[in-house]
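Working notes for the structure below.
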């Protein structure tokens, strides 16, 4: 066996004892001031930052290492250099705030990709870098119709050259001349976008990269070490040529899976680390028990419009022009926009929203009949007909806010008034929908008579109940033939499904969400587009995360879809 090599900081201690603050997740209510400039020296933003950290940081103070706790360092901001604002006044404000509340003894640090070190680092904060193994050979990187960007080429030159780690750490030394070399986000996998291939990173690439860094004496924090789930509406999105929402699963091809199970990648990484320091003895916990069940047939509860009084009990908000989610204080989920035609449209007439003003996906209905979808950057127009007085409903879905790189505020909803033919549509009613409350509290009371459309299409609720005999186990919900929507189990929002787009085909269901020993469980679906001929679901004992068979998905109702693939940034999340 090779002799143990010394490390500047123990490779296994850094991820355990380092607190990353903040790691994304700005509250949506900040955008209720539409001219706010996030992550800058804007006084409105700094006031919100100060009020939050003046509550949070004092609670962490007793747990700092020099106070007897286990927090050895704290991150200030996250990949700020990729935000493009480059506001050093903002960074200095944060550093001063952290020092005032935590004192001078705690190690404060920043982390950025190689291209972000210039604007993300700050004298007085320890500078670290993040990067992963090369991606080109593993199907995760493509060029668009316009070619590969210079930033992307820069990334590749750094990440794919034989001595890329030496180059990256040499660049880091320009900003942090002394102290340990630290890769604070070593990417063991990557995230997935709806409509693109499932991301994987080979075991050999990840282990070779780790071994090379440890031989250089660097310290490593792995991201992600444990895959996760974007339950509910909590996925983010990227903007790389177009809007790319992230899937519900954040399995990330991580060493420990979304379900908490060890993978071969974990054992391979463990073997590498054992060459450099002692590792704990004894076996690792085994995978959790898994369960199969079904198929189960779901029953029609009714279309979404039939439940509008329960979804928005306070009634609509009226405005001449449509208002954003933020203006009506709806942070996530859905808002229904309604107006009435003031004239008859007897021929198919173009219906569109200018300036890419659908954020993010719109389900259009005329007198309750589903007409089709408008989608941000993808599907820009429909053709509608209707008589005077016809009811035009547009259900807007927030598909997740931009969470890396962009320095523009990601407002949701109808950001421009729709146009039918040559006329701007006005006099709107906005219904902020409380879908989760309907599913969890009102549906069980059966307060609403069920409506039964002849041919269910458009936003429609389906549900069924089922028992689990015995103790059950973790499982994965499979929705064959369904199109797109949201799922709840026993009132808990599992997240989005998008079976027709992929790559994710199953949703992870942890065992604690299910009632065992014969008790009845209830599953509810809000299908937003089209129901399969047999409205059935199944529970599988393994996930299906890689169903996409092509690089990008062209939506069947979208003849004007842009089909170019986008290069993937190798930093963030």
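Any Cβ shown, glycine's included, is placed from N, Cα and C.
Record features (TrEMBL):
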- 79: active site, proton donor (ACT_SITE)
- 185: active site, nucleophile (ACT_SITE)
- 23-275: domain 'Glycoside hydrolase 35 catalytic' (DOMAIN)
- 322-434: domain 'Beta-galactosidase 1-like first all-beta' (DOMAIN)
- 459-515: domain 'Beta-galactosidase galactose-binding' (DOMAIN)
- 1-27: signal peptide (SIGNAL)
Pairwise Cα distance for the residue listed as 'active site, nucleophile'/residue 79 (active site, proton donor) [Å, integer]: 10
For the domain 'Beta-galactosidase galactose-binding' (459-515), residues assigned helix / strand / coil by DSSP: 3 helix, 28 strand, 26 coil
Integer mean pLDDT for the domain 'Glycoside hydrolase 35 catalytic' (23-275): 89
